[in-house]
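Notes follow once the structure below has been shown.
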Amino acid sequence: DFYSTTCPNVTVIARGLIEQASRSDVRLTAKVMRLHFHDCFVNGCDGSVLLDAAPADGVEGEKEAFQNAGSLDGFEVIDDIKTALENVCPGVVSCADILAIAAEISVSLAGGPSWDVLLGRRDGRTANRGEAVTALPLGPDSLEILTSKFSVHNLDTTDLVALSGAHTFGRVQCGVITNRLHNFSGNNGQSDPTIEPEFLQTLRRQCPQGGSLTARVNLDDTSPDSFDNDYFKNLQNNRGVIESDQILFSSTGSPTVSLVNRFAENQNEFFGNFARSMIKMGNVKVLTGTEGEIRRDCRRVN
C-alpha cells in the first residue's frame, strides 16, 4: 500500500467522512463516483476537475464545461477529506488519489463491489475546460462517438458498458433529456421511439416541455440509490433515461447488446467487470514520481 508508512489511515478517514456526509445526502455516493470519472476522462486522473478557475494561475477550470456546469457536485466532502488528511499527514496524499479512494468507498457503500485502489497519483497543475467539452460523454452521443471517447483512454467496449452501469444510482438534469422527450432529432413534439411508452409518460411528467431544465430525474427508477444491476434490466425494458444509455441495448448487432444482457442476468459478472474497468480508468494518464505536485488545497494549485 502506497501510504502504509506515510499516511496509514487514509482510507479509514475517507470512509468515515463519506459515511457521515451520505447520511444527510443519499445522492452523495453517486456524485463522488461521477467526480472521479469526470476527472480521469480529462487530462487523466490528476485531480484537475477539482480546481477552481484561476485565470491568474492559468487555470481555466473544468467545472465550467457544459457537461459539468451546475451538475457536478460532491466537492465539499473531498475538501473535508483533504483537510482531515492534511491535519494528520500534511503534504502526503494527493487530491487525485482521494478521488479514486472516495469513488471506491462510495460504490461499496451503495451496495456495489469493492476493489483494491492503486495509489500514488500526483496532482496536475492545470485544468482543461476545452478538453472537458470534447472528451466527456454527452447524452445524445452515438454509439460510435461513445466508443471513440472511451478508446482514446484504452477503454474497450466492455469498459464502456460496465462503466455506464454507474448510472444505476444518481440523478440527471431534465436539460440532458428534454430533446429526447419533446424534440427528438429536432422534430418538435416527437420523442425517441426507443423509450417504452409508459415510461415516456412518466419522464414527460417529471420533465415537462418548457419546464425546469435543472429539475432532476432518477437514472434508475427501480432502485435509484442502490448500486446493483437494475440499470441493465431497465435497458432491456427500454427504460434507459439517457439516450447514450439506451443506445447500448437498442443498437441491434452491436457487441454492447450481449454485454447488457450478461450484466442484467448476472450481477456478480457486472460487479467484477465494473471493478476491473474502474481500476483501468483510474490508471488513465496518471502523474507519478516527481511529476505534478501534492496539492495542499484541492481547489487550487500550490
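Even glycines carry a Cβ here, placed using N, Cα and C.
Of the listed candidates (Asp159, Asp228), TrEMBL assigns Asp228 to the same Ca(2+) 2 site as Thr168, Asp220. Cross-referencing Glu60, Glu62 against the Ca(2+) 1 binding annotation in TrEMBL, which names Asp39, Val42, Gly44, Asp46, Ser48, picks out Glu62.
Here the candidates are Cys95, Cys174, Cys207, and TrEMBL names Cys95 as the disulfide partner of Cys298.
Same-chain residues with CB within 8 A of the center of the Asp39, Val42, Gly44, Asp46, Ser48, Glu62 CB atoms, the Ca(2+) 1 site residues themselves not counted, are His38, Cys40, Phe41, Asn43, Cys45, Gly47, Val49, Gly124, Ala127, Asn128, Ala132. Summary for the disulfide-bonded residues Cys89, Cys174, Cys298: the Cβ-based neighbour count within 10 Å is maximal at Cys298. Counted within 10 Å of its Cβ, the other Cβ atoms near Ser48 (Ca(2+) 1 binding site) come to 28, all protein chains included. Among the recorded positions Thr168, Cys174, Cys207, Asp228, Cys298, the residue whose Cα lies closest in space to that of Ser48 (Ca(2+) 1 binding site) is Cys298. Ranked by CA distance from Cys7 (disulfide bond), the binding-site residues Val42, Gly44, Asp46, Thr168 have Asp46 at the top as the closest. Long-range C-beta contacts of Gly44 (Ca(2+) 1 binding site), restricted to its own chain and to partners at least six residues apart, with a cutoff below 8 Å, comprise Gly124, Val284, Lys285, Val286, Leu287.
The least crowded of the recorded positions Cys40, Val42, Cys45, Cys95, Cys207, judged by other CB atoms within 10 A of its own CB, is Cys207.
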